[in-house]
Ligand SMILES: Nc1ncnc2c1ncn2[C@@H]1O[C@H](COP(=O)(O)OP(=O)(O)OP(=O)(O)O)[C@@H](O)[C@H]1O
């Protein structure tokens, strides 16, 4: 298609689209946003809107799909959520006055990581954009939530980068073109040109933005790579996505390498901190978050991902939780206020970008009034603990401005009018009264004309075509005075205008237009005024979010009988009667969670070797220990009678490969890889949970590896505290030679034909696994479990390790003698083959059960 055949509109479209090849372009035409070509095909699929074709010049056609401009809020989130960048191209001049084709340009580029849209954002979750800058093995990393203005910077190796990506789950990652990330990511990503990654450029961009001479005040001056990554973010926001008004990004917080407890993705998943098993919502976050504001919700989530190591800071939080628990009256009145607070952080983002709607401005005003009330409540309490919250900054002037200038009830759109209060501007008041009185005048004029002309049913009305008019029903047509000008004839009536009518009309309409112009000017001015207090409001908002989070902890503690943990610098963890905070809430009615005590230190009891039958509660015990430590280190009370926690700096958990098989991700290799990464990173304050490590391979391999790992941890100079759950009773032998390994088991009571789970952790090893018993519970056929018992007896008969060959031989002979099978010859032959080809040296108990099940199927069972 030659360019000359393009219509002028399509020519304009193509030139704009050429600048945004990676984005879906929403092209404003009149009252519609249109998409063309490939974009239209995509949009129609995602949005379920009709795809049509329109002429594109003389010879060709192009696909077209569009929606009314006022539905942008409905459709935009759907496009962004489906992982698209969306460029919004608006009309930059009034079509009514434009000469030739209307000027158009992209006013905003919305991407998964750069959006202010409430429908794309999740209230209690940050929406992070992550920017990376790599030099050799080092990475500068920044995380920015552009909707709230939170901005974090750090540096580290690829391990650190992976950890941040895993923990904060950014919705978008940006990095330099021609470079690769060191691992696969599932987030949306975008690559920027090389020039955006220069230190001097970045430094200047940042100091310009923060209006400072240096970055020293933020404590990030030495993070050269981090600064480059941050510069790239600003370049992306300002130049690529057209977000120039970013005053709400008011500072950078350094994410120090070693301030927070290190937890990898597997640990966060395995401990079900944010998301429950099988993606259910019952997670630790779910239990702990009873916050009343979105800011509080986001804070608790962040705290959970970044537990503290500084006892002073933890104790400050704990004292406040205790205060809120002990002062229910104060807490109740604070909660009353918190309930009415909107998402101020995000409202400030909109205020900075001058995109806050009148209704939202009203929410900001009402929230700030609540801030004042909260400040008053706290001031009237002379408690020393409350001091640690910090002092509120004075924003009274701004609040008064909002109260005095904005009407009580506010519309969603400024164009609807009635936003600015009476008394703010004399001119506005004058125009409003003209508009109101003018209307009254017209009503009177209608009455006067009716009397004068003797037309009783004379009506005055308005339409967009010819403005105000008088309407006369046909029966009175003959009474119409000569000077009236007829404008329209309807079936039953005629419409007229008069000179006087037109004169007042122009005054009224003029007033309306002037009102709207003046009101937007005043609104803009108000926006600019309030923006001056942005930093103060942000400061106060952090206090509010902290109060909300800690009250939430107090409420949860009260509801679930949690106690205040004691933290110290020792290397001992002593939990008395601890419980699992999530499982205890999910037990069937009538069942009570059995509490357990755990003691670990680096001198005498470093590794607990925990055995016990399947389903006894080993995993629950391991996880509850880590969760109690984690809760304590975020400043929450804990589900235990008493907890003394020597600060932990890393929590590692690994679960034997077969536990993950259903997710299709786990091989023995993965299990070993992950365990290796633990062993290479341990510290003297690490807490390690190993749940059936080694079971992804044959019994002998498994026992040997598990044994070697336990031995390695025991001999390691850091003596990391470890809970080791295993089915291999052989490991109970270790305690003889390794003095800091202690045997425990989760007890059961054996009845004649069954067992009862007591769920109590007791000292000593356990005898056997009861796997067959669990198979019975699971409803395996009786003949199968009977046979499994027989096999087990044979295998256990003597020391298997010494003459295994004989045992298996015995087993196969035994099997062939089974008279009760009464098989046809070919079936018998197949079974014989099946058994003979089985290598019992590598068969795990579960595989043995599966094999039996298979054999049972062969005989039609
Ligand atoms: N202390 C407890 N009090 C009450 N119920 C418990 C307790 N511990 C565990 N349970 C219940 O028992 C179930 C099984 O526990 P868990 O998964 O910890 O067993 P396990 O010993 O690790 O089993 P397996 O070896 O098969 O993985 C849990 O889902 C929970 O419902």
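The backbone N, Cα and C atoms fix where each Cβ goes, glycine too.
Heads up, TrEMBL stuff is auto-annotated, nobody curated it.
The structure displayed is predicted, hence computed values, not measured ones.
If you look up TrEMBL, you'll see 612, 613, 614, 615, 616, 617, 618, 619 marked as ATP binding site.
Model confidence over the domain 'DNA mismatch repair proteins mutS family' (686-702) stands at 79, taken as the mean pLDDT rounded to a whole number. TrEMBL lists 686-702 with the feature domain 'DNA mismatch repair proteins mutS family'.
For residue 617 (ATP binding site), applying a Cβ distance below 8 Å and a minimum sequence separation of six or more within one chain yields 594, 746, 757, 759. Classification of residue 616 (ATP binding site) by DSSP places it in coil, neither helical nor stranded. Less than 8 angstroms from the CB of residue 612 (ATP binding site) sit 618, 725, 745, 746, 747, 748, 766, each of them six or more residues away in the same chain. Same-chain residues with CB within 8 A of the center of the 612, 613, 614, 615, 616, 617, 618, 619 CB atoms, the ATP site residues themselves not counted, are 725, 746, 757.
In this structure, the binding-site residues under consideration are 614, 619, and the one with the smallest number of other Cβ atoms within 10 Å of its Cβ is 614.
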